[in-house]
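Feature annotations, reproduced from TrEMBL:
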- 27-127: region 'Disordered' (REGION)
- 42-54: compositional bias 'Pro residues' (COMPBIAS)
- 83-103: compositional bias 'Polar residues' (COMPBIAS)
- Cys198, His213, His369, Cys373: Zn(2+) binding site (BINDING)
Amino acid sequence: MCSSNAKVTMGVEITPAVARINGRPVLQPTCNRVPTKAASKPLPPPPPPLPPPASANKTNKASPPLSPKSKSPRLSAIKRGSDANSLNSSSEKVVIPRSNTKTPALERKKSKSFKESSGGSGALSSSVEAPLSYSSSLIVEAPGSFAAVRREQMALQHAQRKMRIAHYGRSKSARFESKVVPVDSSITAKTDEEEKRCSFITANSDPIYVAYHDEEWGVPVHDDKMLFELLVLSGAQVGSDWTSILKKRQDFRDAFAGFDAEIVANITEKQMLSISAEYGIEISRVRGVVDNSKRILEIKEEFGSLDRYIWTFVNNKPISNGYKFGHKIPVKTSKSETISKDMVRRGFRLVGPTMVHSFMQAVGLANDHLITCHRHLPCTLMAARRPAEARADQ
């Protein structure tokens with residue numbers, strides 16, 4: 001409480017004032033500013049408030065009056081100014097000026113060919129650029145393009161397919177005979193030179209091996225003498241290679257009397273030694289051929305022929321495999337193991353699963369030509385004719 005005596009504190013004189021509440025006097029202090037040494041200098045007057053911008057006045061005039069019950073709209077950003085004495089002054093709205101100039105959009109660089117095809121049209125819109133649409137003629141009809149080369153290749157393949165179907169007679173209709181597209185002789189010669197073969201046939205392969213691949217390998221064989229010959233050759237090439245065995249093929253024929261099983265079965269021990277010395281064939285292999293010829297005679301008595309015995313394992317229908325790569329061709333299969341076990345049980349020699357699988361490929365029991373090889377389709381067609389002929393013989 002303030003006392004009745006006046007006191008001066010911090011340059012301010014406090015004098016008591018009497019007020020009455022409910023008839024009773026109540027003392028209240030009143031402050032009168034008295035100049036002191038610290039406050040001798042008057043404070044500078046505050047700066048006059050800045051006039052509001054014109055845009056704000058327009059917006060205020062254009063906006064409709066708000067009712068007292070309606071909620072006030074959200075205030076815009078407020079920028080607080082400061083005077084020289086770092087005192088806050090009146091607030092004002094910040095208005096960002098909008099320029100009428102539009103920022104140029106990035107333009108994609110176009111090639112000369114596109115500009116020529118578009119006919120020298122004007123520049124695209126600066127704000128949004130339409131997606132580029134190239135003419136299909138530039139891609140498909142351009143000379144030397146990949147599409148043109150591919151189109152020519154497909155036309156040639158289509159013509160060759162029609163000629164192949166007409167030649168092998170897969171269709172009985174005459175439309176292929178009348179609509180076969182003639183192919184130039186130069187093109188056919190070029191395709192014959194560039195015929196695709198299996199991957200194990202290379203440019204350095206021996207011609208005798210290439211001829212064996214193109215004419216015999218994978219072709220179904222049903223002659224007993226030829227089956228016996230290929231059985232012997234397949235066993236001989238296990239420790240060697242087909243090229244070396246094919247070069248000695250005539251020696252094998254001369255040594256074993258043209259692979260006549262009845263004659264070979266009667267060869268004596270002395271004759272075996274002379275054959276081994278004359279033709280350079282191992283004596284163990286000569287003895288194995290003689291023993292196998294005796295087993296073939298037993299099979300002829302039971303089944304009628306070696307051909308019927310061999311082809312019953314595949315139900316007179318060759319196994320046509322569709323390998324795309326050479327490394328996918330197996331060296332033996334479950335079928336070759338089955339045939340090998342049965343032949344070993346009957347007393348055959350040198351007839352392991354790997355050798356039997358090679359024999360199956362040679363006599364056409366399995367068509368292991370790659371699907372990219374030109375011999376795959378002919379061997380498949382020849383194999384398809386065999387079941388009908390077998391049914392006709394029965």
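Cβ coordinates come from backbone N, Cα and C, glycine included.
On a predicted model such as this, the values are computed, not experimentally measured, just so you know.
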Checklist entry - Which are the residues of the chain, Cys198, His213, His369, Cys373 excluded, whose CB is within 8 A of where the CB atoms of the Zn(2+) site average out, their centroid? => result Arg197, Phe200, Ile201, Trp217, Gly218, Asp368, Leu370, His374, Arg375, His376
Next on the checklist: Counting only residues 6+ away in sequence within the same chain, which have a CB under 8 Å from the CB of His369 (Zn(2+) binding site)?
Outcome noted: Cys198, Trp217, Gly218, Arg375, His376, Cys379
Checklist entry - Just how many other Cβ atoms lie inside 10 Å of the Cβ on His213 (Zn(2+) binding site)? => result 19
